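Asks: Got a structure here, written out as structure tokens. Questions coming.
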Amino acid sequence: MKKSGLLNPDLCYAIARLGHTDTWAVADCGLPIPEHVEIIDLALVFGIPTFEQVLNALKPEVVVEGAVIAEGTPERIREMVDTDVEVVTHEELKAQLAECAFVIRTGETTAYANVIFKSGVAF
């Protein structure tokens, strides 16, 4: 058993496969995700886990060099993203999901609590 960090095996595997510039997303529980995109579903019930809880668990595990959010994303979600952010329409964000390596579905119920991240490099 792992001593620390992420425990979800699907999430650990998905992160380990990421390369520089690959995209992936953290989403609220209502975001429509394209059928061909891998979903790592962490949602238990409405509100658990929150977007913030999931993002805080991910931050020590991944290198991020950019992010995409939709117009209307709440300021508290924007503030959690510690990188350069591109703002697009909600429809454009949903279209970009088709290119993501995976989407992590949270139990978050805040509208527009969705962020696409661009993987960076650790060296």
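Including glycine, each Cβ sits where the backbone N, Cα and C put it.
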Asks: Since Swiss-Prot lists HIS90, TYR112, ALA113, ASN114 for substrate, which candidate among ASP28, ASP41, ASP82 does it give for that site as well?
Replies: ASP28
Asks: Can you name the residues of this chain that are 6 or more positions from HIS90 (substrate binding site) yet have a C-beta less than 8 Å from its C-beta?
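Replies: Listed in sequence order: ALA70, GLU71, GLY72, TYR112.
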Asks: Consider each pair of residues in ASP28, HIS90, TYR112, ALA113, ASN114, all listed by the record as binding substrate, and report the largest Cα separation in Å as a whole number.
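Replies: Largest pairwise Cα separation, rounded: 13 Å.
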Asks: Measuring CB to CB from ASP28 (substrate binding site), give everything in the same chain under 8 Å that is also at least six residues away in sequence.
Replies: PHE51, THR106, GLU108, THR109, THR110, ALA111, TYR112, ALA113, ASN114
Asks: My understanding is the cutoff is Cβ-Cβ under 8 Å with a sequence separation of 6 or more in the same chain; which residues meet that for HIS20 (active site, proton donor)?
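Replies: Non-local contacts for HIS20 (active site, proton donor): SER119, GLY120, VAL121.
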